[in-house]
Structures are given as C-alpha cells and as structure tokens.
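Comments concern the structure below.
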Amino acid sequence: MHLLALHLLLFLLGSRAKAGEIIGGTECKPHSRPYMAYLEIATSKNYLSTCSGFLIRRNFVLTAAHCSGRSITVLLGAHNKTAKEDTWQKIEVEKQFPHPKYDDYSVLHDIMLLKLKEKAKLTLAVGTLPLPAKFSFIPPGRVCRAVGWGKTNVNEPTSDTLQEVKMRLLEAEGCKHFTNFYHSSQLCVGNPKKMQNVYKGDSGGPLLCAGIAQGIASYVRRNARPPAVFTRISHYRPWINKILREN
C-alpha cells in the first residue's frame, strides 16, 4: 500500500489524532493496575491531548513517541480520571526522550521515556511495571491484556475509568496490510474476527502478558477493526537501559 494511502487508512492512537479507547473491554477493578499513568499533553500548537503510559521506575514513565508535546503532566494513582482521589499523584515531566529514530510518518520506533521532575511515592495505588528481558521473544497465540483510558466505541468520547481488553498475539502475516509493519520491532495484536481493540486515547498504554509489559499501543485502522500494532518493548531494552543509566 502506498504511504499516502496508509495514512488515510490509519491514525495514531494518541490525542494528536484524537484520544483513543478500549473497545470491547471491561472496566478495571479500581487501582488494580497501579503502574498506569494518564498523560495530559500540551502540544506545540497549544492544543491539549491525552495518552496513556506506565511507570517503570519511580521517576520514569514509558509511553509512545507520538505522545510527545511541549509539556506533559503525568497523573498516577487514578482510576476515574475525572474524580479526584487521595491516591492521585500529579507530577510534571522534566525531560522527554523519544526514540532518536522515531518517524512520525511511518510510525516506526514509536517509544518514548519520560523523566519525572520528582520521584513518585510508591503506594497500593502507585507502583511500577516490569519490562521484558533484552530481545526476549513472546510467541504468537499468547493472550495478553491492553489497558488504557481510550474510547469504548468508535463514536463515543474517551472513557473516564480505566479499561482493559484481552487481545491475542498474531503472526506477522496478520499485519501484512500495514506497509510499515516490522515484526522485529513491533507486535501484531488482536483477533480480526472480534471487535476487541485499543483505540484513540489508549496510545502509549501497555500490552500486559503474564504481568510483564511486552508492548506499547501505537496504531490501528481508522474503523478500529483489529489487529492493532504495538511497539515491541524487548527490541528496545538496550536503548531503554542506556537512557535510564545516563539519567
């Protein structure tokens, strides 16, 4: 498919292309996903957008590179993002580290680290999520869970409460219709026969497989039909480790 046609068909899951949601999923038990981060983003054009992300260290959040902006505030300890609780911790981002090879057109290398201005306080509602080992392989057929505050229907606003959905890992063949899909650095996720998917607003949220973050929500077709493309975290462990070590 020609790149222009691809971009007519696809949109980024993040708020730069309107915030997304979990379709066909269920509401999470409050604070059962303590690593989840809700990102409030002021773009370079002074628009407000949102993404999801997840805490991997007390002062670092992992998300998608297309969720970058002029400034970002991270909300931790939230379930309903519109109903303030004592569990909330709002922390500004000190520095954004989008992958140096991220391409906004092909959406390759869609991964970013956010260094927080202060360390999060670890509580029952705020915790960290482990990452996979370097270049570890997760086989197709595995059923994982995507988590985020995205839409629950294509024509609905984003969800106020945290949602999750079960999604199956597919062979690379399942995403052959995406011109720029690379199996080595991306995951093809979601049964095309089921209307269960991530969508706008879920960008940057994790794909959880046995309690480990294996993927980062990147993009999906405009009509929200599965499969979706996630950034494969294990491929980027050397880069992640370098940023964490040096900062």
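Easy rule for this one: first residue shown is 1, then count along the chain.
Glycine is no exception: its Cβ is also placed from the backbone N, Cα and C atoms.
The model shown is predicted, which means the values in this text are computed figures rather than measured ones.
Looking up CYS144 in Swiss-Prot gives a disulphide bond to a cysteine among CYS67, CYS188, CYS209, identified as CYS209. Of the listed residues CYS67, CYS175, CYS175 is the one Swiss-Prot pairs with CYS188, by disulfide bond. Looking only at the domain 'Peptidase S1' (22-245), the predicted model's pLDDT averages out at 89. When Cβ atoms from all protein chains are considered, those within 10 Å of CYS67 (disulfide bond) total 28, not counting its own. On a Cα basis, SER203 (active site, charge relay system) lies 18 Å away from ASN80 (N-linked glycosylation site).
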